[in-house]
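First up is the structure itself, then whatever we jot down about it.
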Amino acid sequence: MVESRGLALHSDGDRGDGSVKYVLTGEGAGTLFKIDEKSGDIHATKRLDREEKAYYILHAKAVNRFTNEALEGESEFIIKIHDINDNEPRFTKDPYMAGVPEMSDVGTSVIQVTATDADDATYGNSARVVYSILEGQPYFSVDAETGLIKTALPGMDREVKEHYQVVIQAKDMAGQMGGLSGTTTVSITLSDVNDNPPRFTKTLYEFRVAESNELGSAVGVIHAVDADIGQNAEMDYRIISSDGPGMFDITVNRSTQEGVILLRKPLDYEKKRQYSLRVQVENVHINPRFYSMGPFRDEASIKIVVEDVDEPPVFERPSYIMEVKEDTARNTVIGSVSASDPDDKHSLVRYTIDRRTDMDRVFNIHAGNGSVFIFRELDREENAWHNISVIATEFNNPRQTSRVPVYIRVLDVNDNAPTFATNYETFVCENAKANQRIQTVRAMDPDEPLGGHRFIFSLAPEAVGRANFSVRDNKDNTAWILTRRNSYSSLQKSIYHVPVVITDGEFPVQSSTNTLTIRVCTCDREGNMKLCNPEALTARAGLSTGALVAILLCVIILLMIVVLFAALRRQRKKEPLIISKEDVRDNVVSYNDEGGGEEDTQAFDISTLRNPEAMEESKQRRDIIPETFYPPVRRPVVLPASRENNGDVRDFINQRLQDNDNDPTAPPYDSLATYAYEGNGSVAESLSSLESVTTEGDQDYNYLSEWGPRFKKLADMYGGDDSDS
């Protein structure tokens with residue numbers, strides 16, 4: 001049996017001859033613990049820390065050194081580490097943050113601190129911790145057993161001192177000598193309570209305000225101070241008395257805790273020039289615990305002085321309503337407006353109408369007394385209401401103006417005669433019977449009588465004796481058109497015109513004669529129209545014979561214009577005289593005169609188309625008489641600046657001018673002569689074939705292709721072979 005004696009193992013089979021070998025296995029075997037194979041002594045190779053591992057479980061056995069056979073069964077044993085005081089107490093936080101209300105009673109709990117000791121609490125006093133306060137007295141104390149920090153001084157005022165630093169010590173071994181200790185810092189802040197009332201900085205505030213200030217504008221700002229902070233410093237302001245009730249109000253600016261005085265009613269310097277107010281400030285959140293330190297309110301007086309401002313005129317009313325009959329004569333006064341200067345100087349007022357509200361200038365106003373009168377005739381049916389603006393301006397200060405709306409109602413007058421309500425299309429059948437209704441007519445009147453319309457229908461007096469139709473008034477603003485005989489013939493008369501007189505029942509009485517056109521048509525037995533003669537159809541369509549003739553003439557004129565335009569276009573498309581590229585010439589002279597026909601071979605001098613050196617003697621025309629007795633008129637020649645240095649061109653033009661001046665056979669003076677003369681010194685020389693002594697076939701034009709893109713067209717025309725042309 002393997003036994004452990006202290007830190008050594010021994011087997012009963014060990015005779016001391018060295019044949020027994022001890023083997024150790026388990027936690028820490030070979031690293032923390034080693035065993036002597038011969039003696040069985042166990043040694044620790046490192047320093048052991050109970051706080052890391054309190055015990056180790058090991059297994060040991062004895063085996064034959066030579067055969068390695070176990071002499072006995074394996075034994076288990078536990079090595080326990082005995083604790084010593086090698087760890088100081090440690091606080092769970094460093095630093096601690098805490099707060100307590102100011103003015104707290106003595107013994108009010110602030111915060112509890114906790115320190116732990118890693119030593120074995122079951123073995124001696126190594127882990128027994130005691131708390132004490134090193135700094136922070138006499139304001140705070142700490143419980144030695146629990147670490148609870150409490151207030152130790154009454155009446156601690158945040159406004160005097162707000163932050164405190166308290167140092168707490170934790171010591172093991174129950175605080176005895178030789179014990180280890182640790183410290184921590186506790187930051188304690190006194191939180192605010194409402195223990196201070198608000199106080200005004202002044203007992204009397206004075207403000208000055210212009211009488212023109214707008215409603216809701218700020219008149220002044222008052223401020224009360226409170227030593228508290230946060231919601232404990234929130235204040236409410238109110239007006240407790242005023243000699244101008246409702247004139248002013250006071251609100252609170254929560255960000256600054258200031259009282260803002262606002263204007264609620266218009267000021268008038270001429271009526272009241274000074275106001276006195278009494279205001280009160282009070283804390284919003286009051287703590288009943290501190291009522292004895294109150295009252296938590298304060299009062300102050302406010303004096304508000306009103307300053308005079310030049311004000312615009314003031315109308316007696318905010319608006320005016322006037323009525324006028326539509327037949328009222330021009331320049332008739334229909335009403336008046338009145339405004340006055342509210343200032344002490346009482347400046348005179350001039351009245352005008354804002355023409356943007358009376359674009360048609362229907363009304364006008366007297367500049368001195370404000371009388372509104374009619375400037376143009378009125379028509380209720382066109383405009384029943386007129387809304388204009390009247391402007392009042394001070395004479396002494398034209399910039400001071402005010403305006404007032406004036407609503408003018410135009411009253412109705414019976415000035416319109418009633419007419420048919422619509423354009424009636426009426427027909428009567430040839431087989432109609434007497435007293436048969438063929439149409440119901442109604443009337444309309446733009447007037448609007450108070451009692452409503454009442455129309456009276458009748459046949460015109462001049463048509464009563466020879467009437468083919470009658471009019472029956474139904475007494476309900478309608479009338480029937482009735483036949484007066486049994487049959488009608490469209491061959492005898494296809495259209496009848498019935499004059500109907502419509503009269504209204506108002507004063508003055510208005511009436512009008514309206515003509516009802518009745519066509520005679522062929523109908524079936526049920527009275528449905530089957531056929532009407534062409535004249536009646538034309539009348540129905542609303543086009544007279546004259547209108548149809550006018551339309552037909554317009555169509556004929558349009559056709560003639562189209563034909564003429566087409567003929568002009570065909571004349572413009574005539575082929576030119578020269579259509580072949582072989583007939584192209586350099587110099588072309590165009591004259592706006594008529595030739596002598598095929599036999600006129602001397603009408604034009606071909607020499608004008610040639611080079612100046614090859615020009616022939618001029619020949620006289622045979623179709624006109626030379627007028628040699630007219631002296632030649634010399635005309636100055638003005639050359640462009642770019643041609644002044646080109647001598648041969650100048651000489652060429654002067655020569656042409658002289659020849660035309662001296663030539664009695666020259667064209668008329670309103671003719672235009674053009675010359676395409678390029679001048680001497682050209683690299684390409686002359687391109688004209690008029691003076692060539694050889695035929696075109698003898699010329700070689702292939703060199704034109706070497707002159708660049710500007711001569712490409714000529715190269716294509718003359719540079720090809722004969723087979724290409």
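Using N, Cα and C of the backbone, Cβ positions are placed for all residues, glycine too.
Per TrEMBL, domain 'Cadherin' is recorded for 11-91 (among others).
Assigned with DSSP, the residues of the domain 'Cadherin' (92-200) fall into helix, strand and coil as follows: 3 helix, 47 strand, 59 coil. According to TrEMBL, the domain 'Cadherin' annotation covers 92-200 (among others).
Sequence annotations record features per position, and here TrEMBL assigns domain 'Cadherin' to 201-315 (among others).
Summarising the annotation, TrEMBL assigns domain 'Cadherin' to 316-420 (among others).
As annotated by TrEMBL, domain 'Cadherin' applies to 420-536 (among others). Broken down by DSSP into helix, strand and coil, the domain 'Cadherin' (420-536) contains 6 helix, 56 strand, 55 coil.
According to TrEMBL, the feature transmembrane segment maps to 547-568.
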(request) Tally the residues of the domain 'Cadherin' (11-91) by DSSP class, grouping H, G and I as helix, E and B as strand, and everything else as coil. (result) 0 helix, 35 strand, 46 coil
